[in-house]
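Note sheet for the following structure.
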Ligand SMILES: O=c1nc[nH]c2c1ncn2[C@H]1C[C@H](O)[C@@H](COP(=O)(O)OP(=O)(O)OP(=O)(O)O)O1
Ligand SMILES: [Mg+2]
């Protein structure tokens with residue numbers, strides 16, 4: 001029996017203060033998930049990436065007063081047991097391995113509990129079983145993007161892209177063509193889960209996003 005469709009009052013608003021993120025999200029999602037975007041400087045919270053992402057979603061949903069999508073990304077260093085760290089600190093350690101982690105949170109309204117989508121390996125068996133039951137084979141093969149920290153190479157216009165060299169590549173994220181980064185990145189992996197969720201949930205919208213919305217968003221950055 002098909003589940004009742006959830007009707008959302010308006011398209012999902014992707015909230016971020018980072019224009020580069022928005023560019024990638026737009027390129028990766030294409031037409032698959034109707035969304036618009038606003039630029040809001042959300043507070044930089046502390047804690048586990050998943051909790052930060054959820055809290056961002058709660059704050060954003062209050063501001064927007066409707067369904068929102070947010071993300072929190074970190075570059076985590078194995079030498080620091082997964083802590084997001086400062087590159088200078090890492091230079092003192094032999095182990096330069098790291099992983100890029102991206103957590104999207106979707107909340108369908110200001111008083112709703114956020115759902116998270118992680119571009120990484122689940123930590124616990126239960127977490128794995130839970131996610132796996134929802135996303136089957138997609139997640140089985142999904143991992144965070146592993147790589148290592150190197151001396152900066154490539155354009156310096158997006159965060160730590162110049163110092164992150166994913167395993168199996170001899171280029172840093174910054175040196176890669178945009179399309180290539182978007183095919184392998186932490187953000188791509190997390191967004192694949194977001195897409196799959198939207199495909200399953202079959203949300204419908206009271207108002208659909210117009211070209212005008214999208215155009216205005218582009219101008220606000
Ligand atoms: O693919 C990426 N490649 C390189 N650097 C990246 C990437 N994605 C995020 N970053 C940087 C931006 C920020 O310095 C930090 C994460 O912080 P994070 O809070 O998730 O992003 P943000 O504050 O720039 O935007 P937002 O308004 O969505 O919170 O890592
Ligand atoms: Mg932030």
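Backbone N, Cα and C atoms are what each Cβ position is placed from, and that goes for glycine too.
Taken verbatim from TrEMBL:
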- 16-21, 56, 72-73, 158-161, 181, 186-187: ITP binding site (BINDING)
- 44, 72: Mg(2+) binding site (BINDING)
Hey, what's the Cβ neighbour count for residue 161 (ITP binding site) at 10 Å? 22
Which binding-site residues, if any, among 16, 20, 72, 73, 161, 186 have a Cβ under 6 Å from ligand 2, given in order along the chain? none
Can you count the other CB atoms that lie within 10 A of the CB of residue 72 (Mg(2+) binding site)? 25
Provide, as an integer number of angstrom, the distance between the C-alpha atoms of residue 18 (ITP binding site) and residue 44 (Mg(2+) binding site). 13
Say you check the Cα of residue 44 (Mg(2+) binding site) against those of the binding-site residues 20, 56, 73, 159, 161; which is nearest? 56
Taking the Cα atoms as reference points, how far is residue 159 (ITP binding site) from residue 72 (Mg(2+) binding site) in Å? 13
Write out the long-range same-chain contacts of residue 56 (ITP binding site), meaning residues 6 or more apart in sequence whose Cβ is under 8 Å from its Cβ. 15, 42, 45, 70, 72, 105
Identify, among the binding-site residues 16, 18, 73, the residue whose Cβ has the fewest other Cβ atoms within 10 Å in this structure. 18
